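The feature transmembrane segment is assigned by TrEMBL to 41-61, 67-86, 155-173, 179-200, 255-279, 351-369, 375-396, 408-431, 437-457.
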Amino acid sequence: MQKLRVSAHKEAAIPMGEFDNAEYIGINEAPSPRANNARKVSVLPLIFLIFYEVSGGPFGVEDTVKAAGPLLSLLGFLVFPLIWSVPEALITAEMGTMFPENGGYVVWVSSALGPYWGFQQGWMKWLSGVIDNALYPVLFLDYVKSAIPALGGGLPRVLAVLVLTMVLTYMNYRGLTIVGWMAVSLGILSIIPFVVMGLISIPKLRPSRWLVVDVQNVDWNLYLNTLFWNLNYWDSISTLAGEVQNPKKTLPKALFYAVILVVLSYFFPLLIGTGAIPLQRDLWTDGYFSDIAKILGGIWLRVWIQGAAAVSNMGMFVAEMSSDSFQLLGMADRGMLPEFFAKRSRYGTPLFGILFSASGVILLSWMSFQEIVAAENFLYCFGMILEFIAFVLLKIKFPHASRPFKIPGGTVGAILLCIPPTILICVVLALSSIKVLVVSLFAIAIGLVMQPCLKLIEKKRWLKFSVSSDLPDNITTDGPLLH
């Protein structure tokens with residue numbers, strides 16, 4: 001397949017899609033890379049994969065009430081999605097349909113800023129994802145140790161973390177459709193007990209409790225970080241775009257419904273918890289929803305909520321690992337990583353991507369997480385800044401490129417859309433401690449050095465690198481590619 005590049009002069013003179021007798025291949029018309037026999041992911045599983053990439057349910061939102069009280073907590077989960085979640089989901093929908101291939105945001109940044117910065121984006125996002133995923137086996141055991149005290153520590157806990165990680169990793173290995181429908185099942189199991197708790201709470205609701213606010217006693221650091229932690233990672237699903245059934249329609253639709261599902265899964269449990277029982281802010285910490293369940297319904301409802309929390313952690317693990325492993329496959333398809341990362345199992349899953357991601361999870365499972373998680377937030381913020389820059393630059397450079405889903409407003413609209421989340425990122429970064437800053441910058445420095453080292457390895461032919469011939473014809477920093 002021969003590809004011709006348009007010069008800057010020609011690009012200005014000829015509308016994209018016309019080049020003498022050459023035929024422009026719209027990005028949405030290109031086949032998904034690395035065609036395989038695995039079944040593609042449809043809308044419903046994709047909605048729940050996004051749900052688990054971002055949320056997994058209301059577990060972990062309790063600290064917003066502790067930090068700021070009921071009113072600001074409820075307002076936060078209504079206003080914050082408009083500032084952060086909706087812009088990120090819209091950008092993911094446009095860019096994910098523009099580049100319907102595995103690798104997602106890595107490909108966006110590479111097309112706008114070049115492969116060097118694309119690699120940095122991939123390194124920061126993969127590392128933050130693996131750090132995030134290392135939490136879930138441990139959190140799962142924290143929820144079930146009340147029923148099985150032996151899992152609270154020592155050798156039984158170590159073995160349980162290993163076994164749980166291997167079982168969930170195997171689910172990823174067996175195929176993305178299995179992971180998708182597993183996410184649907186786990187999502188329903190996570191949501192149902194809160195529906196039951198809501199019905200039980202109706203006679204006890206006191207709307208005046210929702211209006212309680214004490215601006216003088218707000219922990220803004222805890223409040224903003226908890227909101228940010230629970231409402232990000234919308235872009236992670238883009239790394240699976242090559243595995244989605246008809247991505248130009250399915251991806252935007254799934255993101256739309258997932259935003260609604262995530263906001264409701266946070267807002268209504270908070271309405272129940274803050275409205276049905278007297279406020280004791282100090283008690284609102286991780287796991288408090290299970291205590292509320294006991295007060296409202298008894299031991300049986302508490303056990304059900306604890307089970308839902310454990311199940312939610314399993315769902316978040318498999319969704320995150322899918323995103324991380326397919327990102328590595330997409331980077332290998334682009335020649336950024338050695339070719340063996342593009343190898344698929346007989347189920348169509350990225351074999352070495354899964355193994356590397358699982359190894360990172362096991363390695364990090366034994367570490368102290370409090371400041372490492374903050375470092376993950378730091379890495380994620382840097383990655384998002386690169387995404388926003390790439391989004392705006394592609395609007396400027398290629399305004400007429402094929403965009404199956406297009407955010408209205410052109411370049412000005414793109415800039416305005418990115419301003420509120422960028423301000424929020426700056427606030428989150430400013431609240432980081434010196435130790436987190438040092439750890440994060442060290443991790444970024446590793447990526448800055450790793451990319452030239454991989455180029456040297458490629459030049460010396462110590463490992464094989466290749467660009468997949470099945471990739472769609474995408475635009476690059478040199479101009480649009482024509483077929």
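Quick reminder: no glycine exception, Cβ is built from N, Cα and C everywhere.
When each of 41-61, 67-86, 155-173, 255-279, 437-457 is checked for Cβ pairs under 8 Å to the transmembrane segment (408-431), 67-86 comes out on top. Sequence-distant contacts of the transmembrane segment (41-61) (same chain, at least 6 residues past either end, Cβ-Cβ under 8 Å): 73, 77, 85, 176-177, 179-181, 183-184, 186-187, 190-191, 194, 226, 229-234, 236-237, 240, 243-245, 250-251, 253-255, 257-258, 261-262, 265-266, 269-270, 286-287, 289, 308-309, 312-313, 315-316, 318-320, 322-323. Residues 54, 61, 209-214, 217-220, 222-223, 226-228, 231-232, 234, 259, 262-263, 266-267, 270-271, 274-275, 279, 281, 420-421, 424 of the same chain lie 6 or more positions beyond the ends of the transmembrane segment (67-86) yet place their CB under 8 Å from a CB of it.
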